[in-house]
């Protein structure tokens, strides 16, 4: 017979004992229960049970060698077993049958050698004795029951182990969740701590900012108080200077009136001499006509000669006066608004009085003031279109004008002359010069009239005024050219091209002056005066080459600011120029006028007055809105 394997199923109860352990037992409870189960089976069974603890049997092979217990060998003889008739006689021989071990490799056992279950679950070998068939069947039945109990116990242990592993997994999962929750709580606490620290930092920063703002406010209040005191002192000083200047002007006016009375007396004496000479000439002519009746032509020749002498006397007397007095007696020659002529006359008179006072002062003084004049000239030449440069130069010029070591009349006259004549320089920055003039005159107001007088003296179109050529008024063309401002060099007058170039330079500087606006700094001669100049120009002056060049130069520098200030009113002015002034220029049918006509027309039609002229904005930041204190 080959190897065979027995599969037995035992009942749920043996002798009233439940063999199925509870699932929720611990290992110690299970061991105790198995021990009691073994004891009950031993007590209730009359046949020895293999669960009983006994000394292991010793097995010997045929050669007398001791072998360890293992798989047992079952011996079957002819006397103990009834064979069927189909079996052969060789089958009656002794057969060796090898049984399989009952391994419980997956069963967890105690490490103690004294455990009652160590021998019960270890593979054992049994040698069947010579017993009867009933006892053999009972033994086999008991053995099957034993195997079933082992299998059930193994299953229960496996279930318990699985449950333990499940519980361990649950515990590990719970522990992982606890760790995750702990990390989450730590992260939350860290975020809350960060937020709290950020709030503390923000509160501290706000507190420090408030303190700093409070200190700044206090410093500003203190600075305002200091400025107020300084402004009060400056106002007192200006008031004293104003009173002194007014007294000086009154003295100068009194001196001028005295000189004027002297001149009037001289003029009256000359007029009396002229009348006497005329009466004497007429008397002599009448006597000559009586004496020489045959020569009437000589008598007629004598009278025109006397009239010519009288006219020459009037011309010589007129040449000693300024052009304004001359224009007042020759309305057909000088074209200008009466208000403009009045302003020009007042400004030129101030300049003349100042120059006479300076000559007297220089003659009576042993000091040399030329160094101050050269310093002023050098500072003006260094003016550039940079904000810091303009501020520094204006500050230094004001310091020179207020320097007590040099009389203010001399330094102011030098400044007015140098700053106006500087426009002829090739590197002149007209807008920067305009800013310097405004900043200086805001601190020295009396300098503005002198600057405008220098403008009127250098270029009559800054009045605005135009002188018409008349043969009956001017002796020659050269006299006319000198009267309108042509320069003479070595007895030769400059060309018309050079004169127009200088005229354009002066008008550009004048336009830059009237359009200059600095926040917090008043412009005594600002856009309002520029608007008045344009109105007087278009109402009175004729259209010719000189007036066209002057108008174009003025619009190039002042047009943008006038448009921003007067908007539609300024555009109406431009329409008048386009429709009337340019039309009058075209009617002259002079080809030399075509370039200037096209330039003015392009300026108006292309809306160039809406574009800020180059150089108007100083480089860097705009000038500060604060009032400059020097």
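Even glycines carry a Cβ here, placed using N, Cα and C.
Automatic, uncurated: that is what TrEMBL annotation is.
The region 'Disordered' annotation in TrEMBL falls on one of the ranges 164-192, 193-221, 222-250, namely 222-250.
TrEMBL assigns the feature region 'Disordered' to one of the listed ranges (272-331, 332-391, 392-451), namely 272-331.
Checked against TrEMBL, the range among 488-506, 507-525, 526-544, 545-563 recorded as transmembrane segment is 545-563. Residue counts for the region 'Disordered' (222-250) under DSSP (helix as H, G, I; strand as E, B; rest coil) come to 29 helix, 0 strand, 0 coil.
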